[in-house]
């Protein structure tokens, strides 16, 4: 199907979610491209893309930008190939694979040729981190420390995201932008048109992914031995596990900003796609029915996300009967009033043979979680989750 690997928006969002990143990007150093014009450099780069030489194409697109920053094909090509080059980087890919094997996830295959190619959950026996971390005796080897993964995300992935989004900003300032993906690039039988709506949606996906990365690098998740952790040490007084890094506050602030911006870009993307009047048969993303209820639902979800990042909203619990009280949720507090130490927010527990076991009845010292759930009580939490 076209949108497995022929959707730039899906590709970039997938690359972001997997965090398979490469070396930090640098702006092109200039040069005359051996006397070639920007258009000629772009044509050569497009040819390299068809040969799956993304690094070579990326260099030529950047040369073209240095000659003509308003060459939109070069801006688009540089952004997309930057993402593809980072996807192929072996350093982070190796670390990701180690975590995949440890957690027993199904590995996600790299792009095909072409550009777009347990714990028991009862109140009396819940061992909460055993379930969360899924520590298995069958792991091939210990994964790298989370701090090493955080360093790779911070130093390798985030600069790439910033570069790609900078290219998107140039394109978004040009409403007439279009790029034709040829069959040689995609493996599809026909050309595919990428236009402004696709760029907005891809931009939103990258911002949402970057927000997740910002959260991931804000806290200390290091465990000395992932297969046989010393829970009494990890959860003990003075442990840095699950605490906010000194720079974590600024990362969380940036995460909230990214989520708010992602809402705007997603809405702009939908508006741009719905406003198109040309032939849509070859478009990357189309909306066949402007009155599709799924489209209305998407807009409602975007509105709710924006609202809860700015103030509390009332949310219905989907598994409760109609008429049950709603729950007030203020997601913005996760970023504006960040929890300094998540260990302090865990329900009361005790240790049995070195394992944390929840006390009964399950009780949280702060059931509002720093105001994320305003007005929440332990009684209401137990009612919601049947504890």
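Any Cβ shown, glycine's included, is placed from N, Cα and C.
Unlike curated records, TrEMBL annotations are generated automatically.
These come from TrEMBL:
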type   : residues : note
SIGNAL : 1-21     : signal peptide
REPEAT : 38-71    : repeat 'TPR'
Averaged pLDDT score, the repeat 'TPR' (38-71): 97
Across the repeat 'TPR' (38-71), DSSP labelling yields 27 helix, 0 strand, 7 coil
